[in-house]
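Worksheet: one structure, shown below.
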Amino acid sequence: MNATISFDSVLHVVLALVGVAVFVGLNGLLLVYAERKVAGFIQRRPGPYEVGPQGILQAVADALKLIGKQLVRPDRADPLLFWMAPVLAFFPVLLLFLPIPFSPLLTGWDVNLGLLLILAFAGFNVLALLLAGWGSNNKYGLLGAARAVAQSVAYEIPLLLAVLAIAFQEGTLSLTAIVGGQGGMPWQWNIVVQPLAFLIFFVSALGETNRAPFDLPEAESELTAGFHTEYSGMGFGMFFLAEYANMIVACSVCTVLFLGGWKGPFLDGAWWFLAKVYGLLLSMMWFRWTYPRVRFDQLLNLNWRWLLPLGVLNLLATAFVMKL
Amino acid sequence: MASIFRTLADLWSLVVGLGITGKQFCKPGVTVHYPRAEVTPEAAASFRGPIELIGLDKDPAKPKCIACMLCVSACPSNCIAVTRAPTPKPTPEELKAMAEAEARGEKPKKPAPPKAPGTWTYDFSLCSLCGSCVEVCPVDSIGFSRDIYMVGTKREDFVFDQLARLARKAAARKAVPKAEAKAAPEAAPPPAPASSESGAPGTATPASEA
Amino acid sequence: MTPETAYVTPDVLLAPLDPAYLADETPARTGLRWSAFLSADALPRAATLLLQAGWHLEDICGLDVREGLMAVYHFDRMTSPGRLAIRVLMDRAAPVLPSIADIHQGAEWHERETADFYGIAFTGNPNPAPLLLPEGMQGHPLLKGEAARAPLAALLAVPGREDTVLRKAEGFTLLDPAEDAKPAKPAKARAAATEEGADNA
Amino acid sequence: MHSTETLWSNGTSCPAASADGGCADDQIAGDGYTCRFEQGARPESLILNMGPQHPSTHGVLRVLLELDGEYIVRAEPVLGYLHRMHEKMAEVKTPAQFMPNMGRVDYLHALAWNWAYVGAVEKLAGIEIPERAEYLRVITCELNRISSHLLWWGAYLLDLGAFTPIMYAFDDREMLLDLLQLMTGSRLTYSSFRFGGVYTDASPAFVQGVRQFIPHLRSRLPMYTALVTENIILRRRIEEVGVIPQDMVTRYGASGPVARGSGIAYDVRRAEPYSVYDRFDYEIPVRHEECSMARYMVRMAEIEQSLRIIEQAIESLPDGEHMHPKAPKPSFKLPAGESYFAVEGARGKIGVWIASDGGKTPYRVKLRAPGFSNLALFAECARGTLLADAVAILGSLDMVIPEIDR
């Protein structure tokens with residue numbers, strides 16, 4: 001790491017963290033609204049409609065409700081673990097936003113090991129889910145936590161392999177540099193050279209963020225609500241926000257790695273980045289409202305028997321081509 | 001190798017699914033936005049709402065009911081309670097005639113109780129809308145209302161004084177011109193929503209027409 | 001499971017069990033094709049024979065009649081259908097039947113339900129807990145009061161059934177028209193008695 | 001409260017018991033069903049109470065599960081949470097008064113229950129039905145069957161984690177309900193069959209609506225197939241899951257799509273023809289895979305066959321009365337005797353047995369619910385499957401708990 005620790009850089013990081021927190025909070029509201037509208041339109045319903053014009057204040061009302069609710073802990077739950085879990089789920093996610101280059105100027109912390117930082121801190125999420133399921137002393141929670149651990153650990157590997165393929169190709173772990181290696185036109189993006197890596201990354205990202213059709217840790221028709229069965233109020237709200245924040249991170253990284261980041265055919269800037277991220281987020285929602293849920297053994301089979309070998313092959317092929 | 005191709009073909013089904021939901025996404029919704037819109041009166045016409053009394057053709061405020069109690073005994077859930085109208089006090093002439101008859105040793109002719117209900121209460125919270133009372137009524141004095149949007153906030157809201165309800169309805173009928181009365185068959189029973197008058201039936205797009 | 005060629009009519013099938021009564025029925029009148037009275041001891045053997053011949057259990061109905069408690073087992077076949085009613089009469093004082101849940105596994109729940117409603121004990125039922133009624137509930141809701149009980153002959157009265165009786169043991173008088181085969185009591189008394197039965201439960 | 005010994009069959013005390021012993025009792029807290037179930041469990045298993053409040057137990061079914069990881073070692077459904085004792089009500093109400101109950105036994109295929117009860121009474125009392133009423137019964141009952149299957153389809157997909165199909169199914173079902181409302185006046189708990197006919201005659205609007213609905217639904221079915229039936233995730237979820245061999249069907253007395261998905265072509269409409277079903281040209285869909293997918297396919301095919309029946313019936317709808325002129329008054333007395341009447345409901349064979357002593361009310365009424373027998377085989381079927389499979393199997397049995405509990 002070449003970032004020298006100075007007052008300026010610390011201030012920069014702190015400011016960035018505050019900015020990220022605001023960004024995540026606002027995005028949480030926006031995405032909840034978008035998710036419900038997408039679900040509504042796909043199902044030929046209006047979706048949220050009553051609170052504010054076209055229901056745009058629905059998410060705000062929900063957030064206020066969650067904040068206003070009493071914090072309830074089951075009698076036999078472990079208080080420390082029970083309350084640590086939502087905090088641990090939410091705050092590390094903020095760190096993940098730091099190295100993401102929204103635009104050349106709008107980067108929280110331009111560190112040359114940005115990819116590594118994201119992958120490392122993303123591992124916190126699984127710990128939070130495990131603590132939530134274990135600490136709430138609920139059998140459904142426990143089953144959900146067990147699923148979450150097995151799933152997250154498994155899907156991290158192909159995710160890493162896909163990322164490595166890009167890192168090999170670009171020869172750097174800095175996100176800014178990776179974007180710099182791509183052009184503005186769609187055919188200059190990494191997705192053209194690495195379509196398989198993109199597919200593996202995106203599927204693994206669905207698995208990592210517990211999104212349908214891989215939402216097994218919470219699978220409400222099997223485990224009622226899985227790891228967060230016992231959470232209500234802001235306890236639940238934190239998990240909820242963390243899920244959306246994780247989605248944004250996954251889509252952002254995907255944009256940086258494969259879709260040219262902030263670069264576009266004209267007028268490069270953060271708007272291109274955001275447009276691409278929201279496009280990916282919308283497709284995640286689209287998947288959720290289209291597909292049934294896979295079974296747990298199928299989920300793991302998909303990973304170990306398809307994504308992992310394909311990821312390895314892709315990485316070897318990339319290495320081979322790069323060597324040439 | 002063949003299995004890989006089959007897998008690819010299977011994966012295509014996922015794309016097809018996305019195509020279908022994507023297409024539906026672009027189509028307009030089918031929800032009827034109650035209370036801004038309501039189902040058409042035609043769609044409500046066959047609905048069996050809480051029962052109501054039917055008035056005489058000559059005097060719509062008075063029920064056809066003859067207080068025969070058939071509905072009370074036919075009801076499986078005991079939700080109807082009817083009492084006969086009290087026997088009127090004999091007039092002085094009648095009293096005189098009765099006294100004379102008694103004096104003659106005949107059976108005095110007492111005034112008969114009127115063939116009309118004194119009270120007619122109906123507890124909708126018990127009713128299963130089976131229609132037994134409607135079918136059994138010998139004078140067709142009971143019918144189903146078309147109240148689709150009836151709401152109440154407490155249990156007592158669903159105990160109707162049917163005679164009062166009929167009277168109110170007849171009064172409301174008189175008040176509004178005939179054509180409008182047809183559009184809003186339920187005018188002003190207490191728990192009936194105001195929307196059935198203020199809403200604009202006919203503008204709605206019910207699911208049946210989608 | 002059983003080939004169609006193995007189809008034997010129940011009158012032949014049940015013959016070795018020596019049913020006290022066995023009759024052809026008219027499905028258009030009663031919905032039954034055969035009916036039989038068996039002793040409780042013969043029930044498991046009959047169930048085995050019927051399962052082997054491809055019959056399945058439709059339901060078990062209890063019945064509280066003047067002569068005692070009765071259980072009616074309705075069997076039917078998937079191929080070449082025709083309903084068979086096997087009736088078993090029990091002493092009211094000790095209503096006990098052998099369970100057939102080890103033969104027709106579906107009988108487990110039917111037996112538990114009948115035990116709930118009538119207090120009939122099925123010996124050998126693998127899980128004799130109450131099924132539909134709460135645990136620890138006193139009484140059995142479908143038992144009738146003394147006055148409300150009707151004689152069996154009145155309930156199973158089918159005109160012309162005497163002509164189609166295939167077997168009838170000596171001394172089998174259950175279906176003979178009793179002196180008061182007509183409605184036992186006026187409806188009012190009956191209703192009152194039923195209420196009473198409900199109160200007991 | 002149960003002592004710790006009742007929990008573990010191997011004699012060890014509850015490992016969760018704290019030093020003061022306070023925790024142990026709470027850990028075992030549960031009713032007799034849980035305690036008995038736990039007695040048979042291995043010490044390393046997890047006992048899970050699925051239900052009575054659980055998203056995929058459809059109503060209030062409770063299933064006790066002994067889990068080894070996510071594998072089911074043992075399962076035991078616990079019934080009775082929706083028990084209303086309809087059979088007792090039948091004994092204290094006149095047949096006409098009992099009719100509304102039939103719409104509430106199985107609220108998804110209410111008209112089949114209507115028919116079973118009406119049929120049993122008509123058979124016992126020798127009541128005749130006009131031909132037009134028979135046709136109207138067939139049409140409405142089949143419409144109701146389609147609405148039941150559509151709802152099952154949506155709810156099953158919901159169990160499997162797909163949220164959208166149920167909305168599409170409800171879109172179509174809404175039209176069905178509009179049609180049925182024309183005939184019955186209500187949208188769910190119908191009680192429109194009468195002894196000797198049906199409650200209302202078919203209006204031209206109804207006939208017209210049915211004629212329009214048939215091609216509409218036919219045009220929607222390919223979309224259902226493409227969106228769901230062919231979806232690889234769904235197929236992997238339910239193919240070869242919940243295998244019910246033919247002998248299991250016989251041993252449990254299962255019927256309906258459960259039997260037909262196991263290759264048994266048993267349908268009461270064919271086996272014991274009632275009404276005018278023998279006049280129509282239709283097939284009994286049968287699948288031989290014996291798995292959840294087979295039952296799924298049978299129901300989807302049944303929607304098409306019901307449409308065929310309705311199409312023929314509406315075209316050949318005879319003129320005439322909808323109530324027989326000699327139909328009995330509501331207060332009529334049942335003659336003494338017994339009768340059993342079976343009809344094919346959406347879930348299988350519905351049977352009603354009436355025994356009457358000639359009084360005003362029936363002496364005994366037995367309601368044979370198809371779901372009761374179908375659900376009974378769940379414990380055997382689910383053994384050794386995954387928790388997620390248990391959900392898939394329960395859904396494929398198409399349970400309606402009020403019908404099972406009665």
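In case you wondered, yes, glycine gets a Cβ from its N, Cα and C as well.
As recorded in TrEMBL:
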- A:12-34: transmembrane segment (TRANSMEM)
- A:80-102: transmembrane segment (TRANSMEM)
- A:114-136: transmembrane segment (TRANSMEM)
- A:148-167: transmembrane segment (TRANSMEM)
- A:187-206: transmembrane segment (TRANSMEM)
- A:244-264: transmembrane segment (TRANSMEM)
- A:270-291: transmembrane segment (TRANSMEM)
- A:303-322: transmembrane segment (TRANSMEM)
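Counted over residue pairs 6 or more apart, the CB atoms of the transmembrane segment (A:12-34) and the transmembrane segment (A:148-167) come under 8 Å in fewer than three pairs, which marks the two as apart.
Contact between the transmembrane segment (A:244-264) and the transmembrane segment (A:80-102) holds: at least three of their C-beta pairs are under 8 Å, each pair 6 or more apart in sequence. The list of residues near the transmembrane segment (A:303-322) in space but at least 6 beyond its ends in sequence, with Cβ under 8 angstroms from a Cβ of it, reads 154-155, 157-158, 161-162, 164-165, 168-169, 194, 196-197, 200, 203-204, 207.
If you look at the transmembrane segment (A:148-167), the same-chain residues 6 or more away from its ends with a CB under 8 A from one of its CBs are 115, 119, 122-123, 125-126, 129-130, 133, 173, 178, 190, 194, 197-198, 200-201, 203-205, 207-208, 210, 214, 216-217, 226-227, 253, 257-258, 296, 299-300, 303-304, 307-308, 310-312, 314-315, 318.
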